[in-house]
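A.B. asks: Questions regarding the structure given below will be posed in turn.
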Amino acid sequence: MIEEMRKLLATLDDGEISPSAYDTAWVARIPSQSNATCPEFPETLEWIAHNQLPDGSWGDRNHFQIYDRVLSTVSCLVALKTWNLGHDNINKGERFLKQNIYKLTKDKGDLLCGFELIFMTMLEEAKQKGLDIPIDIPALKILQGYRQKKLQKIPLEMVHSIPTTILYSLEGLQDHINWEKILQFIGTDGSFLSSPSATACVYMHTKDPRCLEYLKGVVKKVKNSVPCQYAIDLFERLWIVDTLERLGIDRYFQPEIKNILDYVYKYWSDKKGIGWGRESYLKDIDDTSMGFRLLRLHGYKVTPDVFLNFMSSEDKFFCFPGESYHGASDIFNLYRASQVAFANDNILTKAKNYAHKYLSQLDKAYLDKWSAKKNFFQEVEFELSNQWNSCLPRAYSKSYIHNYGPNDIWIAKTIYRLPFVNNELFINLAKEDFNACQSIHQSEIQTLLRWWAALKFGDLPFFGDKVVTAHFSIASCMFEPEFSELRLFYTKYALLSSTLDDLADYYGSPAQTRCILEAIRSWDPSLVSHLSEEVQICFSGLYRTINEMVKSASKVQTGSSINIREHMQEQLAKLISAQLVDAEWMERKHIPSFETYLSNATVSVGMQDLLLSSIFFCGESISKHLMQEIKNSRCLQLTCLIARLCNDIGTYQFEREKGEVASSITCYMRENRGITESQAIEHLQGIIDESWKELTEEFLTPSQIPRSIKRLMFETARIFQFIYPKKDNFKDPSKAMASLIQNVLYKPAE
């Protein structure tokens with residue numbers, strides 16, 4: 001299956017797209033250069049004759065969309081009548097229209113692009129050719145009204161002076177176009193906005209050879225027919241990469257994805273963005289948003305200022321420059337792009353606010369302008385409820401596997417399909433991969449539960465069963481099979497760190513913490529033998545587990561000059577030293593300065609020691625130089641800061657009831673007299689938000705620190721953002737959290 005997909009990705013060209021009967025019929029009407037009584041493209045007429053559907057219509061065989069069927073059918077009938085061919089086809093088509101044209105109703109949001117312009121013109125041509133089509137029906141009068149309103153809004157001077165989306169529907173404005181002037185907007189490929197029908201119409205009025213060469217090329221490539229748009233090479237490539245990533249199977253195709261993004265970047269403009277094809281001179285916010293997000297995620301240099309091209313002075317956004325409308329899917333992709341913001345990316349903040357407000361007000365019955373996806377509204381709901389920096393990747397993939405439609409259709413002048421974006425191959429691999437990884441994760445949980453029982457941690461009165469929750473957190477982020485040892489180590493270490501923290505909370509005193517610190521520095525369990533049974537159980541488990549981890553790490557770090565046992569001891573000692581400071585503050589009821597608190601608390605939160613010990617299992621060789629780079633990295637500092645502040649906000653009420661007085665909230669309130677608790681939390685949330693922007697930039701910008709290690713730090717920050725939204729979901733999982741764990745770790749993808 002993977003090899004089959006690689007072969008598919010290796011064949012990407014100008015875009016694989018389903019044929020359009022409507023556009024093919026326009027091309028079929030073109031007279032031959034050598035004999036005007038014959039068609040230039042007789043093969044397209046054969047295609048029309050052989051692709052009429054059983055009910056007499058033309059259009060998508062597997063999806064009945066009334067506007068698509070009626071428009072395509074009228075277009076095909078006009079083409080056949082032009083050459084006085086296919087009388088049986090014409091009779092069947094006329095019968096279909098008589099039975100179905102009345103189904104056209106008032107626009108419910110499902111009109112095709114430019115339908116109100118092109119359909120009424122098409123009907124007039126059908127009437128002139130003597131086709132028997134009913135035209136005196138209420139729906140057509142309504143459509144005629146739509147057409148008149150649209151024409152009143154279109155300044156014809158602008159149509160002839162700057163490129164607009166009207167070029168895509170020129171065949172609907174034939175009586176209003178100056179054909180000589182309009183030729184200034186012909187694309188370098190000879191098309192008008194990549195539309196075969198619009199280009200065919202222009203050719204029949206101008207006989208411009210560039211148009212004909214474009215159409216010849218499309219008919220040849222698509223085999224006797226044409227699609228509604230061509231080429232769509234950038235659009236197809238971007239949506240393929242996005243689909244692979246959302247389904248969680250992109251790791252199998254990294255070389256192919258790099259080739260795709262290199263191709264896209266070649267046509268990227270920081271000033272204008274991109275359109276659906278490399279020849280598209282009219283850029284759009286949909287392709288630009290997708291391109292920006294994917295290119296930034298993969299380390300390419302792109303500027304968010306590109307979105308100025310799609311923003312009004314009132315901070316509103318639109319799909320095409322100089323126009324005033326947009327659909328939901330394009331703003332949805334703008335919203336997704338806005339979440340990969342770096343520091344000072346102010347326009348992305350504006351984009352996020354605008355998109356979030358618009359998407360939050362969508363009705364479930366909304367019909368998108370550009371696509372008819374299986375579960376589009378559910379996709380929007382999920383994204384709004386799960387921001388990128390707090391959504392665990394495997395939870396995201398499980399959701400998208402459910403929402404993905406292998407048979408989804410897309411909307412332009414007609415409906416169309418993208419078989420390289422929506423297909424059974426992608427979804428089948430995604431399900432197979434998800435379930436295979438899930439099976440490995442379940443096996444790891446059993447290993448961890450046996451380890452847990454052997455250490456007798458379950459006997460501790462203060463420590464609940466956190467094994468599954470702890471494992472779920474890392475397994476939902478670093479989920480690949482090759483990170484199995486990392487997940488086991490990370491989970492064990494996280495549980496040990498949490499045990500030490502709980503031990504300090506329930507039984508700790510500065511004196512006891514000093515004993516534990518000395519035992520860690522000496523690596524001697526006998527130094528805690530005089531302490532309580534709970535302390536001895538904890539230290540014994542810590543001692544045995546760290547020794548096992550050192551052995552495992554030494555096996556995978558054979559060339560490292562680092563003394564791994566001493567390194568892990570050092571990290572543990574730093575953690576306990578920081579917890580000792582916490583204990584002393586608590587004993588004295590001392591509230592330090594905000595800066596002093598954070599200096600210690602970003603260590604006592606336990607992420608620095610966890611990460612600096614876990615990195616041995618990231619598949620990279622860790623030298624002393626690299627270790628020092630990681631220790632000093634802004635990436636590590638920001639991860640610890642986010643973890644601490646998220647933890648403080650989530651556990652504040654519980655810790656206060658327990659008697660703890662020093663937290664980032666209380667320290668900030670003490671320094672800023674008169675502010676409320678909620679104001680302090682709002683300030684801390686602001687720090688978290690800005691830290692995320694900086695961390696995102698650190699993570700996505702190439703550096704000496706390997707990507708897998710930066711990813712582990714980034715995912716750890718993401719875990720804390722997820723675990724501690726407003727409460728402690730680690731010690732006391734909510735029902736939603738428990739349900740998510742069940743869904744990701746135990747329910748297979750079906």
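One-based numbering along the chain as shown.
Each Cβ is built from the backbone N, Cα and C atoms, and glycine gets one as well.
So Swiss-Prot has the following annotated:
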- Asp284, Asp286: Mg(2+) 4 binding site (BINDING)
- 284-287: motif 'DXDD motif' (MOTIF)
- Asp501, Asp505: Mg(2+) 1 binding site (BINDING)
- Asp501, Asp505: Mg(2+) 2 binding site (BINDING)
- 501-505: motif 'DDXXD motif' (MOTIF)
- Asn647, Thr651, Glu655: Mg(2+) 3 binding site (BINDING)
A.B. asks: Same chain only, please: residues at least 6 beyond the ends of the motif 'DXDD motif' (284-287) with a C-beta under 8 Å from a C-beta of the stretch. Say none if there are none.
C.D. replies: 234-235, 238, 273-276, 307, 310, 317-320, 326, 329-331, 333-334, 370
A.B. asks: Whole-number answer please: how many Å between the C-alpha atoms of Glu655 (Mg(2+) 3 binding site) and Asp501 (Mg(2+) 1 binding site)?
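C.D. replies: That comes out at 12 Å between the alpha carbons.
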A.B. asks: If we check Cα distances from Thr651 (Mg(2+) 3 binding site), which of the binding-site residues Asp284, Asp286, Asp501 wins as closest?
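C.D. replies: Given the candidates Asp284, Asp286, Asp501, the nearest one is Asp501.
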A.B. asks: Of the binding-site residues Asp284, Asp286, Asn647, which one sits closest to Asp501 (Mg(2+) 1 binding site) when you measure Cα to Cα?
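C.D. replies: Nearest candidate: Asn647.
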A.B. asks: Return the residues near Asp284 (Mg(2+) 4 binding site), defined as same-chain residues 6+ apart in sequence whose C-beta is under 8 angstroms from its C-beta, sorted by sequence, else 'none'.
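C.D. replies: Listed in sequence order, they are Gly273, Gly275, Trp276, Cys319, Phe320, Asp330.
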A.B. asks: Give the residue from the binding-site residues Asn647, Thr651 that has the most other Cβ atoms within 10 Å of its Cβ, counting over every protein chain displayed.
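C.D. replies: In terms of Cβ crowding, the pick is Asn647.
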A.B. asks: Which Cβ among the binding-site residues (Asp501, Glu655) has the fewest C-beta neighbours inside 10 Å?
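C.D. replies: Fewest other Cβ atoms within 10 Å, among the binding-site residues Asp501, Glu655, is found for Asp501.
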A.B. asks: Fill in the CA-CA distance, Asn647 (Mg(2+) 3 binding site) to Asp286 (Mg(2+) 4 binding site), as an integer in Å.
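C.D. replies: On Cα coordinates alone, these residues lie 37 Å apart.
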A.B. asks: Within the motif 'DXDD motif' (284-287), what mean pLDDT does the predicted structure show?
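C.D. replies: Averaging the confidence scores along the motif 'DXDD motif' (284-287) gives 98.
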